[in-house]
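The structure appears right after this line, and notes come after that.
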(Lines of atoms letter the chains of each structure in order from A and count residues from 1; the text may use other names and numbers.)
(Lines give C-alpha, C1' and ligand atoms only; values in the text may rest on other atoms or scores of the structure.)
Protein backbone atom coordinates (compact mmCIF):
# COMPACT_ATOMS: atom_id res chain seq x y z
CA UNK A 1 0.00 0.00 0.00
CA UNK A 2 1.36 3.52 -0.81
CA UNK A 3 2.75 5.42 2.18
CA UNK A 4 0.21 8.21 1.79
CA UNK A 5 -2.62 5.80 2.65
CA UNK A 6 -1.19 4.58 5.97
CA UNK A 7 -2.53 7.44 8.15
CA UNK A 8 -6.07 6.64 6.98
CA UNK A 9 -5.89 3.23 8.64
CA UNK A 10 -5.17 4.76 12.04
CA UNK A 11 -7.79 7.48 11.60
CA UNK A 12 -10.64 5.27 10.50
CA UNK A 13 -12.24 4.98 13.94
CA UNK A 14 -11.45 8.31 15.52
CA UNK A 15 -11.54 11.13 12.99
CA UNK A 16 -14.02 13.78 14.06
CA UNK A 17 -12.54 17.18 13.38
CA UNK A 18 -15.19 19.79 12.50
CA UNK A 19 -15.70 21.16 9.04
CA UNK A 20 -14.77 24.82 8.54
CA UNK A 21 -17.70 26.63 7.03
CA UNK A 22 -17.32 29.32 4.37
CA UNK A 23 -18.64 32.78 5.25
CA UNK A 24 -22.14 33.53 4.10
CA UNK A 25 -22.73 29.94 3.00
CA UNK A 26 -22.50 28.61 6.55
CA UNK A 27 -26.25 28.46 7.07
CA UNK A 28 -26.63 26.39 3.94
CA UNK A 29 -23.65 24.13 4.47
CA UNK A 30 -24.88 23.24 7.94
CA UNK A 31 -28.01 21.65 6.51
CA UNK A 32 -28.15 17.83 6.54
CA UNK A 33 -26.48 16.22 3.60
CA UNK A 34 -29.12 14.94 1.22
CA UNK A 35 -28.50 11.93 -0.93
CA UNK A 36 -26.12 12.48 -3.77
CA UNK A 37 -24.87 10.46 -6.67
CA UNK A 38 -21.71 8.60 -7.25
CA UNK A 39 -20.41 5.55 -5.55
CA UNK A 40 -23.33 5.78 -3.33
CA UNK A 41 -25.03 7.69 -6.14
CA UNK A 42 -26.67 4.37 -6.88
CA UNK A 43 -27.07 3.17 -3.39
CA UNK A 44 -26.24 5.39 -0.47
CA UNK A 45 -29.11 7.89 -0.27
CA UNK A 46 -29.95 10.54 2.26
CA UNK A 47 -28.06 10.74 5.53
CA UNK A 48 -29.60 12.91 8.22
CA UNK A 49 -26.33 13.67 9.99
CA UNK A 50 -24.28 16.62 8.77
CA UNK A 51 -20.91 15.90 7.19
CA UNK A 52 -17.66 16.33 9.05
CA UNK A 53 -14.07 16.08 7.89
CA UNK A 54 -10.58 15.74 9.24
CA UNK A 55 -7.26 16.44 7.60
CA UNK A 56 -3.91 14.83 8.23
CA UNK A 57 -0.58 15.43 6.58
CA UNK A 58 1.50 12.63 5.16
CA UNK A 59 4.41 12.11 2.78
CA UNK A 60 3.79 10.44 -0.53
CA UNK A 61 5.98 9.83 -3.56
CA UNK A 62 8.62 12.37 -2.55
CA UNK A 63 5.93 14.97 -1.92
CA UNK A 64 3.94 16.06 1.11
CA UNK A 65 0.20 15.84 0.56
CA UNK A 66 -2.73 16.53 2.83
CA UNK A 67 -5.31 13.76 2.97
CA UNK A 68 -8.83 15.03 3.52
CA UNK A 69 -11.04 12.37 4.99
CA UNK A 70 -14.70 12.77 5.81
CA UNK A 71 -16.10 10.83 8.75
CA UNK A 72 -19.50 10.46 10.38
CA UNK A 73 -19.38 9.80 14.11
CA UNK A 74 -23.01 10.26 15.07
CA UNK A 75 -23.74 6.56 15.50
CA UNK A 76 -26.69 6.70 13.11
CA UNK A 77 -26.95 4.05 10.41
CA UNK A 78 -26.94 5.10 6.78
CA UNK A 79 -30.22 5.03 4.91
CA UNK A 80 -29.87 3.44 1.50
CA UNK A 81 -32.31 3.92 -1.34
CA UNK A 82 -32.79 2.23 -4.68
CA UNK A 83 -30.02 2.89 -7.13
CA UNK A 84 -30.25 6.32 -8.68
CA UNK A 85 -33.74 7.09 -7.34
CA UNK A 86 -32.70 10.11 -5.29
CA UNK A 87 -30.67 11.65 -8.12
CA UNK A 88 -33.24 11.29 -10.89
CA UNK A 89 -35.68 13.71 -9.28
CA UNK A 90 -33.23 16.61 -9.09
CA UNK A 91 -34.39 19.81 -10.77
CA UNK A 92 -33.00 23.13 -11.92
CA UNK A 93 -34.64 24.80 -8.94
CA UNK A 94 -31.94 23.42 -6.67
CA UNK A 95 -29.27 25.07 -8.82
CA UNK A 96 -31.10 28.38 -8.80
CA UNK A 97 -31.06 28.42 -4.99
CA UNK A 98 -27.27 28.39 -4.86
CA UNK A 99 -26.20 31.21 -2.48
CA UNK A 100 -23.05 31.77 -4.56
CA UNK A 101 -24.82 31.88 -7.93
CA UNK A 102 -25.10 35.66 -8.21
CA UNK A 103 -21.61 36.44 -6.94
CA UNK A 104 -18.66 37.11 -9.23
CA UNK A 105 -16.23 34.23 -9.36
CA UNK A 106 -13.43 34.62 -6.81
CA UNK A 107 -9.98 33.50 -8.04
CA UNK A 108 -9.22 32.04 -4.60
CA UNK A 109 -12.11 29.60 -4.98
CA UNK A 110 -14.03 31.01 -2.04
CA UNK A 111 -17.23 31.13 -4.10
CA UNK A 112 -17.07 27.37 -4.70
CA UNK A 113 -18.71 24.85 -2.40
CA UNK A 114 -16.16 22.18 -3.29
CA UNK A 115 -13.13 21.98 -1.02
CA UNK A 116 -11.10 20.75 -3.99
CA UNK A 117 -11.50 22.25 -7.47
CA UNK A 118 -9.30 22.10 -10.54
CA UNK A 119 -10.16 23.21 -14.08
CA UNK A 120 -7.82 23.00 -17.04
CA UNK A 121 -8.02 24.53 -20.52
CA UNK A 122 -7.21 21.52 -22.68
CA UNK A 123 -6.05 23.51 -25.69
CA UNK A 124 -3.27 25.22 -23.78
CA UNK A 125 -2.90 23.00 -20.72
CA UNK A 126 -3.37 26.14 -18.64
CA UNK A 127 -4.94 25.62 -15.19
CA UNK A 128 -7.87 28.02 -14.91
CA UNK A 129 -8.88 27.05 -11.37
CA UNK A 130 -6.60 25.55 -8.73
CA UNK A 131 -8.09 25.06 -5.28
CA UNK A 132 -6.25 22.40 -3.29
CA UNK A 133 -5.53 20.46 -6.49
CA UNK A 134 -2.80 18.38 -4.85
CA UNK A 135 -4.71 17.25 -1.78
CA UNK A 136 -5.22 13.49 -1.61
CA UNK A 137 -8.90 12.71 -1.06
CA UNK A 138 -11.29 9.76 -1.44
CA UNK A 139 -12.88 9.86 -4.90
CA UNK A 140 -15.87 7.51 -4.61
CA UNK A 141 -17.44 6.54 -7.97
CA UNK A 142 -15.08 8.69 -10.01
CA UNK A 143 -13.22 5.37 -9.73
CA UNK A 144 -15.53 3.90 -12.36
CA UNK A 145 -13.75 5.75 -15.17
CA UNK A 146 -10.60 3.75 -14.39
CA UNK A 147 -12.70 0.61 -14.02
CA UNK A 148 -14.12 1.17 -17.51
CA UNK A 149 -10.70 1.71 -19.08
CA UNK A 150 -9.39 -1.54 -17.60
CA UNK A 151 -12.45 -3.46 -18.84
CA UNK A 152 -12.03 -2.11 -22.37
CA UNK A 153 -8.25 -2.56 -22.35
CA UNK A 154 -8.76 -6.27 -21.61
CA UNK A 155 -10.29 -6.83 -25.04
CA UNK A 156 -12.93 -9.15 -23.57
CA UNK A 157 -16.11 -9.62 -25.59
CA UNK A 158 -18.70 -6.99 -24.78
CA UNK A 159 -21.42 -9.50 -25.67
CA UNK A 160 -20.35 -12.03 -23.02
CA UNK A 161 -23.06 -12.55 -20.38
CA UNK A 162 -22.09 -11.60 -16.83
CA UNK A 163 -24.01 -12.90 -13.83
CA UNK A 164 -24.30 -11.03 -10.53
CA UNK A 165 -23.44 -13.24 -7.55
CA UNK A 166 -23.23 -12.85 -3.79
CA UNK A 167 -19.59 -11.82 -4.23
CA UNK A 168 -20.74 -8.63 -5.93
CA UNK A 169 -22.70 -7.35 -2.94
CA UNK A 170 -21.30 -4.45 -0.92
CA UNK A 171 -20.03 -5.98 2.30
CA UNK A 172 -18.10 -2.82 3.23
CA UNK A 173 -20.85 -0.20 3.42
CA UNK A 174 -23.81 -2.54 2.98
CA UNK A 175 -25.35 -0.43 0.26
CA UNK A 176 -28.22 -1.76 -1.79
CA UNK A 177 -28.66 -2.21 -5.51
CA UNK A 178 -31.47 -2.67 -7.99
CA UNK A 179 -29.34 -5.29 -9.73
CA UNK A 180 -30.37 -8.43 -7.83
CA UNK A 181 -28.16 -11.44 -7.27
CA UNK A 182 -28.75 -13.79 -10.20
CA UNK A 183 -29.25 -10.97 -12.71
CA UNK A 184 -27.52 -11.50 -16.05
CA UNK A 185 -26.46 -8.75 -18.47
CA UNK A 186 -23.90 -8.48 -21.23
CA UNK A 187 -20.54 -6.98 -20.38
CA UNK A 188 -21.56 -3.98 -22.50
CA UNK A 189 -24.78 -3.41 -20.56
CA UNK A 190 -22.96 -3.78 -17.25
CA UNK A 191 -20.46 -1.16 -18.37
CA UNK A 192 -23.26 1.11 -19.59
CA UNK A 193 -25.17 1.23 -16.30
CA UNK A 194 -21.98 1.42 -14.24
CA UNK A 195 -20.90 4.58 -16.07
CA UNK A 196 -24.28 6.22 -16.60
CA UNK A 197 -26.10 5.33 -13.37
CA UNK A 198 -23.09 4.38 -11.24
CA UNK A 199 -24.41 0.88 -10.61
CA UNK A 200 -22.01 -0.60 -8.05
CA UNK A 201 -22.85 -4.27 -8.52
CA UNK A 202 -22.27 -3.92 -12.25
CA UNK A 203 -18.76 -2.62 -11.57
CA UNK A 204 -18.14 -5.39 -9.05
CA UNK A 205 -19.31 -8.09 -11.46
CA UNK A 206 -17.17 -6.70 -14.28
CA UNK A 207 -14.09 -6.85 -12.07
CA UNK A 208 -14.80 -10.45 -11.04
CA UNK A 209 -14.92 -11.61 -14.69
CA UNK A 210 -11.45 -10.18 -15.38
CA UNK A 211 -8.66 -12.74 -16.02
CA UNK A 212 -7.28 -13.48 -12.56
CA UNK A 213 -10.42 -12.23 -10.86
CA UNK A 214 -11.01 -9.09 -8.84
CA UNK A 215 -7.52 -8.90 -7.25
CA UNK A 216 -5.94 -8.89 -10.72
CA UNK A 217 -8.45 -6.30 -11.89
CA UNK A 218 -7.65 -3.90 -9.03
CA UNK A 219 -3.93 -4.43 -9.66
CA UNK A 220 -4.53 -3.50 -13.30
CA UNK A 221 -6.35 -0.33 -12.20
CA UNK A 222 -3.35 0.73 -10.12
CA UNK A 223 -0.93 -0.14 -12.90
CA UNK A 224 -2.98 1.93 -15.35
CA UNK A 225 -2.94 4.86 -12.93
CA UNK A 226 0.84 4.70 -12.66
CA UNK A 227 1.20 4.49 -16.45
CA UNK A 228 -0.83 7.71 -16.73
CA UNK A 229 1.43 9.48 -14.25
CA UNK A 230 -1.20 9.48 -11.49
CA UNK A 231 1.40 9.28 -8.72
CA UNK A 232 -0.95 10.15 -5.85
CA UNK A 233 -3.71 7.72 -6.79
CA UNK A 234 -4.58 4.34 -5.31
CA UNK A 235 -7.49 1.93 -5.79
CA UNK A 236 -8.75 -0.85 -3.51
CA UNK A 237 -12.28 -1.28 -4.87
CA UNK A 238 -13.55 -1.40 -8.49
CA UNK A 239 -16.70 0.64 -7.79
CA UNK A 240 -15.28 3.30 -5.48
CA UNK A 241 -16.97 2.17 -2.28
CA UNK A 242 -13.70 2.14 -0.34
CA UNK A 243 -12.45 5.29 1.39
CA UNK A 244 -8.97 4.09 0.40
CA UNK A 245 -9.71 4.78 -3.26
CA UNK A 246 -7.92 8.12 -3.29
CA UNK A 247 -6.48 10.62 -5.74
CA UNK A 248 -5.84 14.31 -6.32
CA UNK A 249 -7.69 16.67 -8.63
CA UNK A 250 -4.51 17.05 -10.67
CA UNK A 251 -4.27 13.29 -11.13
CA UNK A 252 -7.95 13.04 -12.03
CA UNK A 253 -7.50 15.45 -14.94
CA UNK A 254 -5.07 12.91 -16.38
CA UNK A 255 -7.60 10.13 -15.87
CA UNK A 256 -10.43 12.10 -17.50
CA UNK A 257 -8.26 12.97 -20.49
CA UNK A 258 -7.26 9.32 -20.91
CA UNK A 259 -10.86 8.10 -20.57
CA UNK A 260 -12.00 10.63 -23.18
CA UNK A 261 -10.11 8.64 -25.82
CA UNK A 262 -12.49 5.69 -25.35
CA UNK A 263 -15.62 6.26 -27.47
CA UNK A 264 -17.75 3.93 -25.34
CA UNK A 265 -16.83 5.72 -22.13
CA UNK A 266 -17.79 9.04 -23.67
CA UNK A 267 -21.05 7.56 -24.98
CA UNK A 268 -22.17 5.69 -21.88
CA UNK A 269 -21.14 8.29 -19.31
CA UNK A 270 -23.19 10.96 -21.09
CA UNK A 271 -26.26 8.86 -21.84
CA UNK A 272 -29.31 10.04 -19.89
CA UNK A 273 -31.38 6.86 -19.63
CA UNK A 274 -31.11 3.17 -20.43
CA UNK A 275 -33.32 0.11 -20.00
CA UNK A 276 -32.01 -3.40 -19.35
CA UNK A 277 -33.61 -6.83 -19.01
CA UNK A 278 -31.77 -8.74 -16.31
CA UNK A 279 -33.69 -12.00 -16.61
CA UNK A 280 -35.31 -11.08 -13.32
CA UNK A 281 -37.15 -8.08 -14.66
CA UNK A 282 -36.79 -4.90 -16.70
CA UNK A 283 -34.93 -2.02 -15.06
CA UNK A 284 -34.97 1.61 -16.18
CA UNK A 285 -31.82 3.52 -15.25
CA UNK A 286 -31.21 7.25 -15.38
CA UNK A 287 -28.03 9.30 -15.35
CA UNK A 288 -26.73 10.64 -12.06
CA UNK A 289 -25.80 13.97 -13.69
CA UNK A 290 -28.66 16.44 -14.18
CA UNK A 291 -26.47 18.79 -16.23
CA UNK A 292 -26.71 16.35 -19.14
CA UNK A 293 -30.33 17.41 -19.58
CA UNK A 294 -29.48 21.10 -19.88
CA UNK A 295 -29.18 22.32 -23.49
CA UNK A 296 -26.59 24.96 -22.59
CA UNK A 297 -24.08 22.28 -21.59
CA UNK A 298 -21.87 20.42 -24.10
CA UNK A 299 -20.50 17.53 -22.05
CA UNK A 300 -18.23 14.97 -23.68
CA UNK A 301 -17.58 12.80 -20.63
CA UNK A 302 -18.61 12.89 -16.99
CA UNK A 303 -18.76 10.94 -13.75
CA UNK A 304 -20.33 11.72 -10.39
CA UNK A 305 -19.41 10.26 -7.03
CA UNK A 306 -20.37 10.15 -3.37
CA UNK A 307 -19.55 8.25 -0.22
CA UNK A 308 -19.54 9.74 3.28
CA UNK A 309 -15.77 10.06 3.35
CA UNK A 310 -15.44 11.69 -0.06
CA UNK A 311 -18.33 14.10 0.04
CA UNK A 312 -19.85 15.02 -3.32
CA UNK A 313 -17.64 14.65 -6.40
CA UNK A 314 -17.87 15.43 -10.11
CA UNK A 315 -15.49 15.27 -13.05
CA UNK A 316 -16.35 16.42 -16.56
CA UNK A 317 -14.80 16.99 -19.94
CA UNK A 318 -16.87 19.73 -21.56
CA UNK A 319 -16.75 22.45 -24.18
CA UNK A 320 -17.75 25.97 -23.15
CA UNK A 321 -17.86 28.66 -25.84
CA UNK A 322 -15.70 26.47 -28.10
CA UNK A 323 -13.15 25.99 -25.32
CA UNK A 324 -12.49 22.38 -24.23
CA UNK A 325 -11.98 22.08 -20.49
CA UNK A 326 -11.64 19.39 -17.85
CA UNK A 327 -13.36 20.21 -14.58
CA UNK A 328 -12.75 18.36 -11.29
CA UNK A 329 -14.90 19.20 -8.25
CA UNK A 330 -14.41 17.20 -5.04
CA UNK A 331 -15.21 17.12 -1.37
CA UNK A 332 -18.35 19.24 -0.92
CA UNK A 333 -21.19 18.58 1.50
CA UNK A 334 -24.20 20.45 0.11
CA UNK A 335 -26.76 18.75 -2.08
CA UNK A 336 -26.09 19.46 -5.77
CA UNK A 337 -22.99 21.45 -4.78
CA UNK A 338 -21.06 19.88 -7.65
CA UNK A 339 -23.63 21.06 -10.19
CA UNK A 340 -23.79 24.51 -8.57
CA UNK A 341 -20.02 24.86 -8.78
CA UNK A 342 -19.98 23.66 -12.39
CA UNK A 343 -22.63 26.24 -13.31
CA UNK A 344 -20.68 28.91 -11.44
CA UNK A 345 -17.47 28.12 -13.34
CA UNK A 346 -19.29 27.97 -16.67
CA UNK A 347 -20.83 31.39 -16.02
CA UNK A 348 -17.40 32.75 -15.12
CA UNK A 349 -16.01 31.45 -18.41
CA UNK A 350 -18.85 33.07 -20.35
CA UNK A 351 -17.96 36.34 -18.64
CA UNK A 352 -14.33 35.96 -19.73
CA UNK A 353 -13.04 35.46 -16.21
CA UNK A 354 -10.22 33.22 -17.45
CA UNK A 355 -7.44 33.55 -20.05
CA UNK A 356 -8.44 32.43 -23.55
CA UNK A 357 -6.74 29.57 -25.41
CA UNK A 358 -6.71 29.32 -29.17
CA UNK A 359 -7.41 25.76 -30.31
CA UNK A 360 -9.80 22.94 -29.55
CA UNK A 361 -9.01 19.31 -28.85
CA UNK A 362 -11.24 16.93 -30.80
CA UNK A 363 -12.00 13.59 -29.14
CA UNK A 364 -14.39 12.52 -31.87
CA UNK A 365 -11.38 11.51 -33.99
CA UNK A 366 -9.43 9.94 -31.12
CA UNK A 367 -7.72 6.61 -31.63
CA UNK A 368 -10.26 3.83 -31.44
CA UNK A 369 -10.37 1.64 -28.35
CA UNK A 370 -12.27 -1.62 -27.92
CA UNK A 371 -15.91 -1.11 -28.83
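Note: Cβ is positioned from N, Cα and C throughout, glycine not excepted.
Sequence annotations record features per position, and here TrEMBL assigns signal peptide to 1-37.
According to TrEMBL, the domain 'Peptidase S11 D-alanyl-D-alanine carboxypeptidase A N-terminal' annotation covers 111-331.
According to TrEMBL, the feature active site, acyl-ester intermediate maps to 141. Of all Cβ atoms in the protein chains displayed, 32 besides its own lie within 10 Å of the Cβ of residue 141 (active site, acyl-ester intermediate).
Secondary structure from DSSP puts residue 144 (active site, proton acceptor) in a helix. Over all protein chains present, the Cβ of residue 144 (active site, proton acceptor) has 33 other Cβ atoms lying within 10 Å. According to TrEMBL, the active site, proton acceptor annotation covers 144.
The annotation active site is assigned in TrEMBL to 198. Residue environment of residue 198 (active site) contains 35 other Cβ atoms, counted within 10 Å of its Cβ in all protein chains.
Secondary structure from DSSP puts residue 303 (substrate binding site) in a beta strand. The number of other CB atoms found within 10 A of the CB of residue 303 (substrate binding site), across every protein chain shown, is 32. The substrate binding site annotation in TrEMBL covers 303.
Across the structure, residue 303 (substrate binding site) and residue 144 (active site, proton acceptor) place their CA atoms 8 angstrom apart. Predicted-model confidence for the domain 'Peptidase S11 D-alanyl-D-alanine carboxypeptidase A N-terminal' (111-331) is 98, expressed as mean pLDDT.
Cα of residue 198 (active site) to Cα of residue 141 (active site, acyl-ester intermediate): a distance of 7 Å.
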